[in-house]
Amino acid sequence: MARPDTVIPDKPESPYPIVQDSVVVSGFGRGSSELGIPTANIPINDDLNQLETGIYYGWCQLKPCTLPDECKTRTNGREVIYNHGKNLRNDDLKVLPMVMSIGWNPFYHLKEKAAEVHIMHKFDDFFYGAQIKFNVLGYIRPELDYTTKEALIEDINLDIKIALEALDRDAYQTYKDL
């Protein structure tokens, strides 16, 4: 399936905005290591599960927790430290733009539906276990299968560009207050 044209409305339209609170969990680690596009994975709840698979955009904000560090094992056997966001800096705690993929990631042949938030910001540390509040303001495109990793990366970068252009509009800026 070819990438469809994306038409972003002048302002969010029903059913948006969708506002969610969640916690960042570890995924497979491929967003950072393989694609150079890190993601904050979040559990799929009933509200997210009802959305069409595909790419969405909106705003998000991280909040650290005061829980102690803990070591958890990913499904691939690698251990990760849940620091609950305690190393986040002030700049990391601002409301930031995001794109979110909801779906099966056909390129990676996932067996479970995943929700992956790419926060458009450079972080110095991981923040597994941190709280994340976000709003979904619109839909960019359906989930697609790719024949190459390069094509996937190119499309993700286009999604990011589209999201940033949409979120720069005054009507979308008003939703920055999470």
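Placement of Cβ uses the backbone N, Cα and C atoms for every residue, glycine included.
Since the structure is predicted, the reported quantities are computational estimates derived from the model, not experimental observations.
The feature active site, nucleophile is assigned by Swiss-Prot to GLU116, with similarity to another entry given as support. As annotated by Swiss-Prot, Mg(2+) binding site applies to THR39, ASN41, with the evidence given as similarity to another entry.
Under the three-state DSSP scheme, THR39 (Mg(2+) binding site) falls in the coil class.
The two recorded residues THR39 (Mg(2+) binding site) and the residue listed as 'active site, nucleophile' have their Cα atoms spaced 6 Å from each other. Each of the binding-site residues THR39, ASN41 was ranked by the number of other C-beta atoms within 10 Å, and first place falls to THR39. On a Cα basis, GLU116 (active site, nucleophile) lies 4 Å away from ASN41 (Mg(2+) binding site). The residue listed as 'active site, nucleophile' carries a strand DSSP state (E or B).
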